[in-house]
Amino acid sequence: LWPGSGSRQEDPLGGADGLALASDPGGNLNFLAMVDNLQGDSGRGYYLEMLIGTPPQTLNILVDTGSSNFAVAGVPDPDVTSYFNTELSSTYKSQGIDVTVKYSQGSWTGVLGTDVITIPKGIYGSYTINIATILESENFFLPGVKWHGILGLAYDALAKPSSSVETFFDSLVRQAKIPNIFSLQMCGAGLPVSGTGTNGGSLVGGIEPSLYRGDIWYTPIKEEWYYQVEILKLEVGGQNLELDCREYNADKAIVDSGTTLLRLPQKVFSAVVQAIARTSLIQEFSSGFWTGSQLACWDNTEKPWSLFPKLSIYLRDENSSRSFRISILPQLYIQPILGIGENLQCYRFGISSSTNALVIGATVMEGFYVIFDRAQKRVGFAVSPCAEVDGSPVSEIEGPFTTADVASNCVSSISFHEPVLWIASYALMSLCGIILLVLIILLLIPPRCQHHYTDNDVVNDESSLVRHRWK
């Protein structure tokens, strides 16, 4: 999920990245204690079990790298099975500050407070964290979800109501003295996107070697708000789309575990659909499948994935003259969603269009072990061992490649980020207020203090007064 523009898209994910950290009482991080601490699926989100308050109340928290607030249901809701009752916690302290977070689909309003949390499969000990209790929401908690709150792991620039609200992960880094890095693995490749909701996954503080194969490839974080990266080009079936690289980053490209699909700017999306349709072995395909309004169904004995091409995304390497590519096979973007009778299996298209970002969501992330290295301002990708279907890998990483064929900078230098927009809005409102105040004062000045016009420059029409003064 990304607040304000968001990647809460048409799927029921919000935006929080869960974090699982573990350590022994002696202070040594025990990464293996965090393995398999996530549950869920790509259609409804991956969540982490957390204990909140004193005595502890157990809640499942959606993990989201596309937002920055930690928030939980604070009152009963028909779509959640549990909520955090602040009156039952002796350690809860309300800050009395209202907070609202809006996503591209869905929103919630609550009150900021603080309380202690512990993570059963996470960092050892209890820590005091800013927490928003959700009192009202709209299209946020949805039927069938098994989580009761959202854990935003992006930067404080996105925190509401302001960046002064310390984020969950920043609090852990400060209080537990842990490294400023976490990693995420979601294991749902080839499984129904809204199935049992018990697919595994891991949220680890640091890097756990058992969760990846081969090398980790890193791309710089372009700006610390979302995890914004730089996309250089896309290939479908090994064929370059041949678009200006700035099209891929319009107006940003982010890595967001709270978004279920791979979301592409409209121009890029159209080019990808055309390339897939042209490359696939299907002669005619309903347009509703590409737009997400229709499913495509095949006999259970058929494997439709063999009909579709591989999709590759090129990211700039830390060495700016090089790049690497992450590739997903159709097993990740042609997603099983529904069985009909005994003979049919239906699939959805795991890619959608976006008006304001390219979003690397769960469709892609389920193929990789993703490292959010905040300390060195970079995002790492490695092949995930759980990204297999029928015993075969469905994701690849290759490199390095030269960047001589792309621009030296594919990201716009003008960033109209939400915090900047708020500042600009307040500045303009203040200016308008000052102008209005001056006009009122001028209108109220007694006649004896006013300028005595000659017969030739008297302005009698009141509506002309403002126009006259601004000449």
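A Cβ is built for glycine as well, from the same backbone N, Cα and C atoms used for every other residue.
Bear in mind that TrEMBL entries carry predicted annotations, made automatically and left uncurated.
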*Record TrEMBL, residue Cys346, disulfide partner from Cys297, Cys410*: Cys297
_For Cys187, what is the disulfide-bonded cysteine listed in TrEMBL, choosing from Cys245, Cys386?_
Cys386
_Can you look up which of Cys245, Cys449 is joined to Cys410 by a disulfide in TrEMBL?_
Cys245
*Within 10 Å of the Cβ of Cys245 (disulfide bond), how many other Cβ atoms are there?*
21
*C-alpha spacing of Cys187 (disulfide bond) relative to Cys346 (disulfide bond), in angstrom*: 20
*Average pLDDT across the domain 'Peptidase A1' (46-382)?*
92
